[in-house]
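Enquirer: Positions annotated as domain 'TM7S3/TM198-like' by TrEMBL: 299-503. As annotated by TrEMBL, signal peptide applies to 1-22. Per TrEMBL, transmembrane segment is recorded for 296-313, 320-336, 348-367, 374-394, 406-425, 432-452, 485-503.
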Amino acid sequence: MGLLQLQLVALLVSGLVGAGGADTIGNTSQGFLEFSVGKFRYFQLNKPFPQEAILHHIPSNVSFVIFQIHSQYRNTTVSYSRTVLPSTSATGNDKGLVSILRPEQSTCTWYLASVDVKPVQSVAIPLSYSERDPIPGGCNLEFDLDIDPNIYLEYNFFETTIKFAPANLGYARDVTPPSCDTGMGQEFRWRLQYDVYQYFLPENELAEDVLLQHLQRMAQVFQVKASAAKVVTLTANDKTSVSFSSLPGQGVIYNVIVWDPLLNTSAAYVPAHTYACTFEAREGSCASLGRVSTKVFFTLFALLGLFICFFGHRFWKTELFFIGFIFMGFLFYILITRLTLLKYDVRLTLTAVAGGVSGVFLVAIWWRFGTLGLCMLCAGLVLGFLISAVAFFTPLGNLKVFRDDAVFWVTFSCITVFIPVVFLGCLRILNILTCGVVGSYSVVLAVDSYMYTSLSYITLNVLRRALNTDFHRAFTNVPSQTNDFIILAVWGMLAVSGVTLQIRRERGRPPFPPHPYKLWKQERARRITNILDPSYHLPPLRERLHRQLTQIKDLFQKKQPAGERTPLLL
C-alpha cells in the first residue's frame with residue numbers, strides 16, 4: 001500500500017511540473033485538448049479521431065488569437081468548425097488560423113485532424129495580441145482564408161520561395177476593421193513593414209523532435225528576433241514574396257514579423273519550414289540525397305585533385321589534364337543541361353567524357369606546340385573562377401546591385417580574369433597556387449557527396465545561376481556550423497601544405513618543363529646522326545611495319561614441299 005501511495009505522489013508532482021513548464025504533453029484520449037496562451041503542447045493526431053482544441057480564460061485586452069500547429073512532413077488540418085471547408089480551414093505542415101474575438105468572449109475553439117493514416121506527432125500553440133498589434137494576413141486577397149497568417153512555401157532544386165498575405169492594422173473588439181485598399185497614408189496599412197527571418201536547423205539533423213523543439217524559437221516575436229537572422233525588410237509597396245537558394249537536406253525555418261512603425265508594435269506570422277527534399281520518396285529522399293554516380297564521380301575527382309595539390313607542378317601533363325577537365329567539363333554541363341532533357345546520370349557521364357577529351361586535348365596542344373601562355377591562361381582562369389565564387393559566397397553576393405544578371409556576370413568575369421593578369425610576371429607561382437587551392441577544393445566537393453557541407457555551395461551557387469534564369473532573385477544564405485568550420489580548416493591545411501611543399505621542392509629548378517615536341521625532334525636527329533647509337537642501324541619505320549606484316553601473312557600460308565618426289569617403281 002505504501003508503494004502505491006508513493007507512485008500517486010510521483011504522478012502528481014510530474015503533472016505539476018509539466019503544467020508549469022513551457023512545453024506540455026497532451027493526452028488526446030478524451031477527444032479534446034486544453035491550451036494556455038503562449039504555451040506549446042505536444043500531442044499525436046490520428047486520422048479517424050479529430051481533436052477539439054480549447055483555449056479558456058482569454059484576457060479582455062486581447063483582440064485576436066493566432067492558433068498554429070506544426071508537424072514534420074505529414075499534413076494536419078486546423079479548422080474553425082467540425083466541417084472542414086476551404087474558406088474556414090488550413091491543411092499542411094505549418095498552418096494556423098486567426099480568431100477575431102467578440103466582446104466578452106473568453107474561450108476559443110479549434111478543430112484538429114490528420115489526413116495521414118499514420119499517427120502524426122504535432123506541436124501547437126495559441127498566441128494572443130492586443131488591438132494595437134497588426135494582424136498578419138489581415139488583407140488577404142490571394143488565398144482561401146479571409147484572414148490568412150500562413151506562409152506558403154514552394155521549392156525546387158534551385159530556389160525556395162515563400163509567399164504571405166499582407167497584414168492589416170489592429171483594431172479593438174466589436175469595431176469595424178480598417179479598410180485595406182482605401183488611402184495610402186500613414187493612417188492605413190501601407191505604413192506596415194515586413195521583416196523576413198531565416199533560421200537554420202543543425203546540419204545533418206532530420207529528427208522530428210529536433211524540428212519541433214526549434215520551431216518553438218520561431219513562433220513569438222521576441223524569440224524570432226533573438227534566434228533567427230533577418231534577411232530583408234519589405235514595405236507595403238513591395239511584393240510579399242521572397243526567394244532563397246534551396247539547400248537539400250538542410251532544415252530551414254522561415255518567419256515574417258510585421259511591424260507598425262507608428263505604434264511600435266509587432267506580430268508574427270505562422271513559421272514555415274522545409275528541407276528542400278521529400279521524406280517518403282524511394283529515390284533522392286532526405287535520408288539519401290547523394291547519388292551513387294555523384295559519389296563515384298567526385299571521389300575519383302578528389303583523388304586526382306589531391307595528387308595535383310601536392311605534385312601538380314612536377315607532373316605538368318597530369319595537371320594540364322586536370323585543368324582541361326575542369327574547364328570544359330563545367331561549360332559542357334551547363335550547355336547540355338540547358339539544351340537537353342537528359343537524366344542526371346547521363347549528363348554526368350557525358351560531362352566526364354567531355355572533360356576527359358578536353359584534358360587530353362590540352363595536353364596534346366602543349367606537347368605539339370608548347371604554348372605555355374595558353375596553358376597558364378586556362379590554369380589562371382580556373383583559379384580566378386574559384387576566387388570569384390568565394391567572393392560572391394560571402395554577404396557580397398546578396399547585395400541588391402548583383403540581382404541584375406548583367407552586373408553579376410560582368411563583375412564575376414572581371415575578378416576571374418584579374419587573377420591571371422596579376423600573376424603574369426610569375427607564372428610558376430600562379431601554377432602552384434592553382435594546384436594547391438583548386439586541387440584541395442576537390443576534397444570539399446567529395447565530402448559533400450557523402451554528407452552536407454555549406455562550402456560546396458561556393459561553386460554550386462554559380463552553377464545554379466548559370467542554369468536558372470530566376471536564380472538571381474534568390475538570397476544565397478547558408479549555415480556556418482561545426483562541420484563547415486572543420487572542413488574549411490581541412491581545405492586550408494591542404495592548400496597551404498600543397499603550395500608550401502611544391503614551392504620548396506621546385507626551388508632551383510627550371511620554371512616549367514621544356515617543349516616535348518622539340519625534345520623529341522632533337523632526340524630523333526641525334527639518333528640519325530650518331531652511328532654508335534644502336535637505333536641508328538634500325539631500318540625505317542615503314543620497312544619494319546612491312547616486315548612485320550609479311551611475317552604475320554606467312555603464318556597463314558601452307559608450306560610448300562621441298563625437292564623432287566617420284567613414285568617407287570616395282
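The backbone N, Cα and C atoms fix where each Cβ goes, glycine too.
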Enquirer: Restricting to the domain 'TM7S3/TM198-like' (299-503), what is the model's mean pLDDT?
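Expert: Across the residues of the domain 'TM7S3/TM198-like' (299-503) the model's pLDDT averages 93 on the 0 to 100 scale.
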Enquirer: Among 320-336, 374-394, 406-425, 485-503, which stretch has the most Cβ pairs under 8 Å to the transmembrane segment (296-313)?
Expert: 485-503
Enquirer: Under a criterion of three or more Cβ pairs within a distance under 8 Å and sequence separation of at least 6, are the transmembrane segment (374-394) and the transmembrane segment (485-503) in contact?
Expert: no
Enquirer: List, by number or range, the same-chain residues at least 6 past the transmembrane segment (432-452) whose CB is under 8 A from its CB atoms?
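Expert: 203-204, 247, 249-250, 289-290, 294-295, 298-299, 301-302, 304-310, 312-313, 319, 322-323, 326, 379-380, 382-383, 386, 423, 458-459, 483, 487, 490-491, 494-499, 502-503, 506.
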Enquirer: Sort out the residues at least 6 away from either end of the transmembrane segment (485-503), same chain, that have Cβ-Cβ distances under 8 Å to it, and list them.
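Expert: Contacts of the transmembrane segment (485-503) (Cβ under 8 Å, skipping residues fewer than 6 from its ends): 306, 309-314, 429, 432-433, 435-437, 439-441, 443-444, 447, 453, 455.
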Enquirer: How about long-range neighbours of the transmembrane segment (406-425): same chain, 6 or more residues beyond its ends, C-beta under 8 Å?
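Expert: Contacts with the transmembrane segment (406-425): 376-377, 379-381, 383-385, 387-388, 391-392, 433, 462, 465, 472.
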